[in-house]
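Visitor: I have a structure here, written as structure tokens, and I will follow up with some questions on it.
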Amino acid sequence: MKKFLVTMLSLVLMIGLLTGCVSSNSSSKSGGEDSGKESGKDGKLKIAVVPKLVGIPYFNASEKGAIQAGKDLGVDVIYTGPTEADAAQQVKVIEDLISQKVDVIAVAPNDPAALTPVLKKAKEQGIKVMDWDTPADQSVVELSVHQIDDEAFGRHIAKSLIEKIGSEEGDIAILTGGLSAANLNSWIDGAKKELDENFPKIKLVSDKIATDEKQPVAYQKTLDLIKSNPELKGIMAYSTIAPIGAAQAIQEKGLQDKIAVVGTALPKDSKPFLEDGSLDVGILWEPDKLGYLTVALAKDLADGKKPENGQEVENVGKIEVWEDGKTVIMGPPTDFTAENAGDFNY
Amino acid sequence: MKALSKESILGLIALGLIVVMSVLAPGFLSSQNITNMMFQIPEFGLIALGMMVVIVTGGINLSITYTAALAGVAIALMQSNGYPMLLSILVGIVVGLVCGYINGFIVSKIGVSSILVTLGTMVLFEGIVLSLTKGNSISGFSESYSLIGNGYYMGLVPLSIIIFILFAILTGVLLTKSKWGRSVYMVGSNPIATLFSGVNNSKILMGVYMYSALLASIAAIIMTSRYNMAKVDLGSSYLLQSVAAAVLGGTAIEGGYGKVMGTVYAVVIFQVLSSGLNLLEVPRSIVGVITGAILIFVLIINFAKAKFDEKKQKKMQEANAA
């Protein structure tokens, strides 16, 4: 026991000693940094695109776009990310990319705060840092690529729903992936604004309903909704899963013509429901284009070119740049309908 | 003929890997990559050590990463509410120790098997963290707190790796030199015989789970500081990896054997593989495949070697008897 105490005591002392020395030396870079960012360049720019995770349809699609852009623009694209949506793993991926001496890192953060220290480290090494798909800490990134203008997206979904209902009055409901998902919430706020301003006779039967990003939950909640609101005319479903669950319920009950469903779904998942009308329209952006745009803008960033409002990006279209000069909006959303859903493979 | 121990063989494998990677992977020996690896090892290493001590007793601690998450969230909550750094770290460690106490109490006093207990507490701790954080991440640490995970000692060596080395030494000394440590191995290899030789098994087990939780809390401090936040899935990907590292490090999954050095070598091997393959621009999913293959390969070798030694011993005995 005595020995143990002595060990513990000396340990505590050691730690005390250590912390005393550390504070002053933190920001000074590790010694002997070799020749900065020059090395590892064979003339080609190295652009790293980091998704939230690899191996899901959405990010596979954006990978395709990013790789394609690399080929078209003559830059090396490294598309790598964690195998699960874990912030700690993502930090490691970025640290590894710093070791690889890439020129630009574009990241879709799982957790913005968690990435701030490592992104700062990247900047210290002379690497350009930007975000895509999901905003990171805006004080560290030089460019922020958004797929969509959140408010405009919400408004577009609301308008599409009204159009599919075919009348400007009636009861509707909102399903969402999760109550705390920031992007979903800002879309819903946009949609609500649109309804308040332009369609005052549309009534929401309840507050937004959480579906936990799970299809069976969305399905069950929709069944409950139909039962308790026989006059329901339409459903807006946010998250790529919720519209499918809702459509499944509508399909089963045979209410395709009575209740309109509009949601943010990927075309491949929603095709069977679009075909029989249980899902009226899926609205989302095209993730492959987003990947393409990210790489294109990353190259411009490395070349010192700033994006401009209304700039035409090849294979993507016109982009919108906000007044701060770093927020880029890819463009209007894409509507997936029974006619075109087959053309997309994600 | 004195054969090399399991650990030394593993050390040689680690060394060999480092040599191979330095030749193959461009920039493996660059200071950037080396500091990188030193920053990545501690949190995983600490959790792996915490897992190892439990495995040595023949148990497993599935709640280890959620213990870390709970401790981390406690620290984050304290700090973001303006409590001083040292106090919040202390509270974090205490929270971790309480988690360890719960595990230890149910395993040692009530006698439920550890895999069931820690499976339960894993869900329990996860639930607590979720209800505390609502799934959001909590940040708002002071500047000096971030030095624990991101700072350099003397401007050269990451502080976190020094913390890890200190705890590795402490664990090694405790396990091999202290009375408690020797009893840990005894409990692991034969609990009944240990009990009858006058050792208080439940006290030893309690210590093991508390110590495992302590290491998890230290890992939590490093992680929250490094990632600037605490969240429910803080380090959750380390759970099974830490079992893998302990087993690769030669720890017997049925208990009774396991050395700190082996686990440390295993952690280094994992790190060298992941960093080296990354520099070679191997896709992440393939890194997983390679790591898994090596793990299975080493385990088979260990198993074969044990069988071989057993046979040899039998033969010798027969020869002696004859």
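The backbone N, Cα and C atoms fix where each Cβ goes, and this holds for glycine too.
TrEMBL: automatically predicted annotations, no manual curation.
Summarising the annotation, TrEMBL assigns transmembrane segment to B:12-32, B:44-77, B:83-103, B:110-132, B:152-176, B:204-223, B:235-253, B:286-304.
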Visitor: With an 8 Å cut-off on Cβ pairs and a sequence gap of 6 or more, do the transmembrane segment (B:83-103) and the transmembrane segment (B:204-223) reach 3 or more such pairs?
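Guide: Counting Cβ pairs under 8 Å (6 or more apart in sequence), the transmembrane segment (B:83-103) reaches the transmembrane segment (B:204-223), since there are 3 or more.
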Visitor: Take a look at B:44-77, B:110-132, B:152-176, B:286-304 and tell me which one has the most Cβ pairs under 8 Å to the transmembrane segment (B:235-253).
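Guide: The stretch with the most close Cβ contacts to the transmembrane segment (B:235-253) is B:44-77.
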Visitor: Establish whether the number of Cβ pairs under 8 Å between the transmembrane segment (B:152-176) and the transmembrane segment (B:286-304) reaches at least three, counting only pairs separated by 6 or more residues.
Guide: no
Visitor: Flag the pair the transmembrane segment (B:44-77) / the transmembrane segment (B:204-223) as in contact if three or more Cβ pairs fall under 8 Å (sequence separation 6 or more).
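Guide: Judged by the Cβ rule, the two regions touch, with the required three close pairs present.
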